[in-house]
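The active site, proton acceptor annotation in Swiss-Prot covers D165 and rests on sequence analysis. Taken from Swiss-Prot, the feature ATP binding site covers G24, R87, C88, G117, D118, G119, S120. What Swiss-Prot records for D118 is Mg(2+) binding site, and it gives sequence analysis as the kind of evidence. Under the heading beta-D-fructose 2,6-bisphosphate binding site, Swiss-Prot lists R470, 527-531, R565, 572-574, E628, R654, 660-663, R734, citing sequence analysis as support. Summarising the annotation, Swiss-Prot assigns N-acetylthreonine to T2. Taken from Swiss-Prot, the feature phosphoserine covers S132, S376, S666, S774, and the record attributes it to similarity to another entry. As annotated by Swiss-Prot, N6-(2-hydroxyisobutyryl)lysine applies to K556, with the evidence given as similarity to another entry. Residues or ranges marked as region 'N-terminal catalytic PFK domain 1' in Swiss-Prot: 2-389. Residues annotated as region 'Interdomain linker' in Swiss-Prot: 390-400.
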Amino acid sequence: MTHEHHAAKTLGIGKAIAVLTSGGDAQGMNAAVRAVVRVGIYTGARVFFVHEGYQGLVDGGDNIREATWESVSMMLQLGGTVIGSARCKDFREREGRLRAAHNLVKRGITNLCVIGGDGSLTGADTFRSEWSDLLSDLQKSGKITAEEATKSSYLNIVGLVGSIDNDFCGTDMTIGTDSALHRIIEIVDAITTTAQSHQRTFVLEVMGRHCGYLALVTSLSCGADWVFIPECPPDDDWEEHLCRRLSETRNRGSRLNIIIVAEGAIDKNGKPITSEDIKNLVVKRLGYDTRVTVLGHVQRGGTPSAFDRILGSRMGVEAVMALLEGTPDTPACVVSLSGNQAVRLPLMECVQVTKDVTRAMDERRFDEALKLRGRSFMNNWEVYKLLAHVRPPKSKSGSHTVAVMNVGAPAAGMNAAVRSTVRIGLIQGNRMLVVHDGFEGLAKGQIEEAGWSYVGGWTGQGGSKLGTKRTLPKKSFEQISANITKFNIQGLVIIGGFEAYTGGLELMEGRKQYDELCIPFVVIPATVSNNVPGSDFSVGADTALNTICMTCDRIKQSAAGTKRRVFIIETMGGYCGYLATMAGLAAGADAAYIFEDPFTIRDLQVNVEHLVQKMKTTVKRGLVLRNEKCNENYTTDFIFNLYSEEGKGIFDSRKNVLGHMQQGGSPTPFDRNFATKMGAKAMNWMSGKIKESYRNGRIFANSPDSGCVLGMRKRALVFQPVTELKEQTDFEHRIPKEQWWLKLRPILKILAKYEIDLDTSEHAHLEHISRKRSGEANV
């Protein structure tokens, strides 16, 4: 292991890396550029910026400049790409590529990191395959010497996919997609208020010429009435169907209709469906007041979301490792994301599958196009179809009664989870009840039936509309059992944080005494702290992360103006350091103190010395995050006092406790979508479990697998019995014993210029896309 530790620090000595951004810009590209530069320098390599994409590579000169550590400071929170991007005709010609090769060889650069879409990455692969021919041409014409040719005998290429459309196969999320969704959802939320005031129908056109991802996720995240995407053209009688759907929604009491259209939407015959066509149809047939909004380039703009900054940073680190470990025999690869795992995939395999999708759509093999888009896309489509197109049955014969509740502290996205649970339950023909104020409400009988429109418009609302309490059930088993019988509750969906999980464990224990508690239940993790065992992510954490990030950006801006100032910021999370660590990565913090990574006074001293050194450079500001319970003695005040004293005359310190604003705000697209899918998945499981446990006219479920936590684990959504998770829990500190994100902490330290050892054994290995497709669970 130690051999691997030290290998990373010397991996790049004598090597040079060039980084360029090409094609359409995407938010988060700067985070990737910053990570490539800093990790490159950390490994001992020289790193060069190529300005203006491939055009800069062809033109050379001042377009290729060496980067320094400080030259990527304050880049993280900027949208677009700071080093510029351009569509380049010259590079498509061999002559242009010859000039590009000449520019690289002269600078001794043999590693190229390309951040762009599939066109940019295909170009890079062509460049690599021609490399030796280009060198021999340059040598023949006397532009380079034999020695230079030998030194640069092969070119390593790694691609990072930067595209807001998420149209690249083999990666769950491309850099920029999440931020584009943020822009779209901000606009949808704004339009919703005006549409409701006037009872209007809005047709929103979003980007995506060949890929409907943005349109699909937007419609899931805002509960749209209809979505048009290129991969799944509507049936021939769609006009009838659409108008019927819109009038049904109105008749149920809704004051607005939202229709989302991807710019590349087509019908079954390949004829484009435009926003204007839809508007005219609705006006002509239904006479509704209908408006069209084309979002356009707004979607590419603005600040990158926390997700994109972390994604860009992680991918940048992985790209440097892939380049420096590359040999003439390793294929050009793409670094991508699967679940929350970084993976390396052969570049041309991904490009090929991406082209196959386009071909399948051109040849109208739409089912195949949908399959090739991958499991995440398919899932979104299935859930959308269920929620938007299936009508609840009229009769409730043979139906079961399922109750939904919130437990713990409020988290953004809880309402979205309640909405999808209730609606999927109704679609399956069940009677759905909602419980107010958690287990306390269950004991007091604060329970009512929820119909379809009860949860209308809940997706985008923050907090908990049902009301939530931290009270655990044990003390009130008597009353809870009585109410389970009284309301004939046959299944329980518990949406909440650590208390929801411990409450689940108590219900399991209580089954021995109370038969009434022998009903299936499922816990959907929803807490800003992300500390529920059995899940890598919980609903609400992404929203909190973005809130912290936005605040840190503003604070950094203030510090940059004041100069020589260090801010100490306290985040929430109980004992769980997820928010502090991830926000540290996303906001470019100098340090993040957390409970899981114990620190001593010596560590605090090292950090102060580090900041003293930093103040000597051009970057005269510091940002330090501290999780609220990271250490009972080294409090925020203690750290602030220590920094103030030690920094006297060099920097001054300020502290900020962010507090409960981290629980509020409207949910981010990630949390809305994640909560909606979790609710649907939980309800499908519940229906199956109730049928399994139904004997002699009543429900009796006492097996361990009838009480589960539904969690996201690496690449799949899985149900795990609460009793099995007991072993994996540190109950005193309310955290799981093992947490995946701890391995991202070294990245935070390296990007903040600490000389630490990076364990490269955890890095991604090359996988193959075809094998990847078949062996995966459906999230």
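Note that Cβ sites are derived from N, Cα and C of the backbone, with glycine treated the same way.
Within 8 Å of the Cβ centroid of the ATP site, not counting the listed residues G24, R87, C88, G117, D118, G119, S120, the chain contributes S22, G23, G116, G123. Between the CA atoms of G24 (ATP binding site) and S376 (phosphoserine) there is a gap of 24 Å. Binding of ATP is attributed in the record to G24, R87, C88, G117, D118, G119, S120, and the widest Cα separation among these residues amounts to 14 Å. G119 (ATP binding site) counts 15 other C-beta atoms within 10 Å of its own C-beta, drawing on all protein chains shown. Reduced to three states, the DSSP call for D165 (active site, proton acceptor) is coil. Nearest to D118 (ATP binding site) in space, judged by Cα atoms and limited to the recorded positions S132, S376, K556, G574, is S376.
In the three-state DSSP reading, H660 (beta-D-fructose 2,6-bisphosphate binding site) counts as helix. For the recorded positions S132, S529, Q663, S666, the ranking by surrounding Cβ atoms (within 10 Å, all protein chains) places S529 first.
Using a 10 Å radius centred on the Cβ of C88 (ATP binding site) and all shown protein chains, the other Cβ atoms total 22. Of all the binding-site residues listed here (R87, C88, S120, R470), S120 has the Cα closest to the Cα of the residue listed as 'active site, proton acceptor'. Each residue contributes its Cα atom, and for S666 (phosphoserine) and H660 (beta-D-fructose 2,6-bisphosphate binding site) those atoms are 14 Å apart.
Under the DSSP three-state reduction, D118 (ATP binding site) is assigned to helix. Among the recorded positions R87, G117, G119, S132, K556, the residue whose Cα lies closest in space to that of H660 (beta-D-fructose 2,6-bisphosphate binding site) is K556.
Least packed by the Cβ count within 10 Å, out of the recorded positions R87, R470, K556, is R87.
Between the CA atoms of R87 (ATP binding site) and S132 (phosphoserine) there is a gap of 25 Å.
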